[in-house]
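**Student:** Annotated N-linked glycosylation site per Swiss-Prot: N26, N108, in sequence order. The feature Mn(2+) binding site is assigned by Swiss-Prot to E118, D120, E129, H134, with similarity to another entry given as support. Here Swiss-Prot flags D120, W122, N124, E129 as Ca(2+) binding site.
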Amino acid sequence: SELSFNYPNFQSVEDITFQGGASPRNETLQLTPTDSNGIPIRQRAGHAVYSQPFQLRDTSFYTTFTFVIRTTSNSPADGFAIFIAPPDFPVKRYGGYLGLFEPNTATNTSANKVVAVEFDTWVNTEWKEPRYRHIGIDVNSIVSVRVTRWQDKDVFSRSIATAHVGYDGISKILTAFVTYPDGGNYVLSHVVDLAEIFPGDVRIGFSGATGQYETQYIHSWSFSSTSTNLLRD
């Protein structure tokens, strides 16, 4: 199904649903809460989701967003993700589960229905993941199917980074491209049939989680989906 929206900033948060510790702040989406002194609150998770559902059958989409990670130490945790899930998807466990998974089922692909591109600032030893900060593609599991190393100079830069995520409904390729103004470029892709995972309605949004010493902000966001049916004659 076709859907498009564009937020050059979040002066208006019409059609954004906030759950858990997420809230609108200074024309951004703040994914995890801070106290009255601006200090990140530990062990919290939040979602900011576009309210209107859409479907992925015979659909391609493209979304781009800008983000900043504000760190208050050299060991921040845990990161954030852009994710697709059914409309009733709740905020899940904080910490390394990124608000998207529960501890007892986090690595069980048959127990989850969520696909995400994660920006992981903390190495969790509880499950198999690289021993460095990374950007990854997650398919129904906290263990990423694709990862690329996220350079510390970018993680700690406080720069506004730009991420592009695209999905081709015909080739079933999900691609993420992330770029920093004075830093690295990151690209990763994975073949996954999203319409098979999600036969019904889905929503797209952001999930953030702490840890500590970190706050995640989304500064802008646009999205458009198109039907691939026209090409299938």
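Backbone N, Cα and C atoms are what each Cβ position is placed from, and that goes for glycine too.
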**Student:** List the same-chain residues at least 6 positions away in sequence whose Cβ sits under 8 Å from the Cβ of N108 (N-linked glycosylation site), in sequence order, or say none.
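**Tutor:** Those within reach of N108 (N-linked glycosylation site), by Cβ under 8 Å and sequence separation of 6 or more, are S141.
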**Student:** Radius 10 Å, atoms counted are CB only; among the binding-site residues E118, E129, which position scores highest?
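**Tutor:** Comparing the binding-site residues E118, E129, the most crowded Cβ belongs to E118.
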**Student:** Taking the Cβ of each of the recorded positions and counting other Cβ atoms inside 10 Å, which one has the highest number: N26, N124?
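**Tutor:** Answer returned by the neighbour count: N124.
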**Student:** Taking Cα atoms as reference points, rank the recorded positions N26, W122, N124 by distance from H134 (Mn(2+) binding site) and give the first.
**Tutor:** W122
**Student:** Could you state the whole-number distance in Å separating the C-alpha atoms of N26 (N-linked glycosylation site) and N124 (Ca(2+) binding site)?
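**Tutor:** Between the alpha carbons of N26 (N-linked glycosylation site) and N124 (Ca(2+) binding site) there are 31 Å.
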**Student:** Would you kindly give the Cα-Cα distance separating E118 (Mn(2+) binding site) and N124 (Ca(2+) binding site), rounded to the nearest Å?
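**Tutor:** For N124 (Ca(2+) binding site) versus E118 (Mn(2+) binding site), the Cα atoms are 13 Å apart.
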